[in-house]
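Structure first, then comments.
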Amino acid sequence: PEDIGQSPGVPTPDGDKVDLEAFSEFTKIITPAITRVVDFAKKLPMFSELPCEDQIILLKGCCMEIMSLRAAVRYDPESETLTLSGEMAVKREQLKNGGLGVVSDAIFDLGKSLAQFNLDDSEVALLQAVLLMSSDRSGLTSVDKIEKCQETYLLAFEHYINHRKHNIPHFWPKLLMKVTDLRMIGACHASRFLHMKVECPNELFPPLFLEVFEDQEV
């Protein structure tokens, strides 16, 4: 709806507001969005071979990063909107007021910068695999195996990019910088989630949303 994020909200500790109506609308699409990240991970053979505990840590760590990437690559410069979960087009202020605060700016800025890369579905999938297989997540036991998995995806990614022959100078290192940007978005969201927990009624949080983000380190 066009008026999402426009009604009066609750002030949060970092100076912006949570529009509870907008927050409620966003939570309706969060569960299927998280489920799609899980489904993606399960399709990767190397992920399925990891211990269950490591799988959970990796999924919790990358979930916001991958959801942000999927939104960012659907940035429309003409309308200045992102499409969330493939169905909800939102403007920067709507996403900000719906609970994400400054994280909204980071996702929109990423969307603007990614537009020049013109990534295809395979490149987005490989980028998601690289984010998923991050061996520096706290608590992992199979660190070496996960690191080798990520290296495999990075090599495949670089090979595919060279095959596509993008016209942007230094395309590969510039794209890898976006991994750093997405990691920062994930870290910022972990902090924002604490604000959302304080400002929004608990019943508005879907169980899967809580399960994924409640125990993340800030």
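Cβ coordinates come from backbone N, Cα and C, glycine included.
Per Swiss-Prot, 3,3',5-triiodo-L-thyronine binding site is recorded for Arg36, Ser85, and the stated evidence type is similarity to another entry. The annotation domain 'NR LBD' is assigned in Swiss-Prot to 1-215.
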(message) On the three-state reduction of DSSP, what should I expect for Ser85 (3,3',5-triiodo-L-thyronine binding site)?
(response) coil
(request) Take the Cβ of Ser85 (3,3',5-triiodo-L-thyronine binding site) and count every other Cβ within 10 Å, whichever protein chain it belongs to. (result) 18
